[in-house]
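In what follows, a structure is listed as structure tokens, so that the remarks can point back to it.
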Amino acid sequence: MNLLIQGGRVIDPSQGIDEVLDILVENGAVKELGKGVKAPSGTETIDASGLIVTPGLIDMHVHLRDPGHEYKEDIVSGTKAAAAGGFTSVACMPNTKPVNDNKAVTSYIIAKAKAEGSVNVFPVGSITQGSKGELLSEMGELKESGCVAVSDDGHPVTNSELMRRALEYAKGMGIMVISHAEDLSLVGAGVMNEGFVSTELGLKGIPWAAEDAATARDVYLAEFTDSPLHIAHVSTKGSLRIIRNAKARGVKVTCETAPHYFSLTDDAVRGYDTNAKMNPPLRTADDVTAVKEALKDGTIDAIATDHAPHHIDEKDLEFNEALNGIVGLETSLTLSLRLVEEGVLTLPVLVDKMACNPAKILGIDRGTLKPGSVADITVIDPKATWTVDADKLASKSKNSPFLGWEVKGAAAFTIVGGKVVYKR
């Protein structure tokens, strides 16, 4: 099927493009970019006047819960949520049941996504077998099977020697290590950020030092082994300072943050709202300011959701008992566009952090609109206003702290391999 996207503001940082152009798609690939592009007869046309056209957005950190926890989410519902949020590709974390530490699980995910998914799914394998932090997974097998990275997300590797070896082996295999940087001995029984609000609410806190200490360890190990390292969901000003300094020294470290870390503070926990409970926890206003500064100065390379669906029975509990995590695929774009309105980022820089950089970090052939590239394209309506409504979310789970928010900006069309998979 051929497709012509006409008259949109095309933003493609991979080519330094930011101008009104047409895009012709043929046989699932970008054929031509230009003004007044002529299309063959019978070509479907999208009028993108007043809209923004970008390389397909990539969320490099989601939990699809499939296999094993399909009552929370599965590949079908999760990829529908991704498409509705403007994402053409997602990278899914390995904390499934069974854990994705082998070829069989990876192959299952890829096959199901190809057969039933709405968007591209790139599996992330586990660093250690069963994510138990004891024995390294067969990283070569995982990469050959289709994994684009390895991570023990949600279960940080506490053994420093093991983490060192993981970085060394991953470097040799040419696969990225994604670190969930938290010192679990400092996290303890904490359920929110340690500070004034936790004291006021009588909830046990998690100190910023838990993230900072683990970030420092992993950055130094990456420096020692001269290995690439990606730090997931950065939330503290201290960890950002560590990463910024490491980059200045030439350490091969990249990092991401999530929209909730620049949109909310730990004040959101007041009222004991379990939809404001996640890991790492929401931090202070100073941390939010630091996250925005790090997005602006390039310390933070990518925006990823850490989409973590949970059934209502796992969230509608006392705060201490509720599970960590929130859904984010369908609110990420609109929350991130607020950074442009606030003057934190320009649109091209935002696209870089939501499409181009995730592709580079994961080493996948996406994140560009160059002729010949796969036609994964996001068309954004920056003026669309809507309310975050649980009943309208495509995700099976509704655990979002943004329910009821009046927001601006949304995906108008999501195009995967030249096929429209979502239309607003």
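We count from 1, first residue shown onward.
Each Cβ is built from the backbone N, Cα and C atoms, and glycine gets one as well.
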H61, H63, D153 bind Zn(2+) 1 per Swiss-Prot; candidate in D306, D313, D316, D352 listed for that same site: D306
D153, H233 bind Zn(2+) 2 per Swiss-Prot; candidate in H180, H307 listed for that same site: H180
Winner by Cβ contact number (other Cβ atoms within 10 Å) across the recorded positions D153, D306: D306
Cα-to-Cα gap, R65 (substrate binding site) vs D306 (active site), nearest whole Å: 12
Site extent for substrate, whole Å (max Cα pair distance, H63, L64, R65, N95, N279, H310): 17
Neighbourhood of H61 (Zn(2+) 1 binding site), C-beta criterion under 8 angstroms, separation at least six: A91, M93, D153, I178, A232, H233, E256, A258, A304, T305, D306, H307
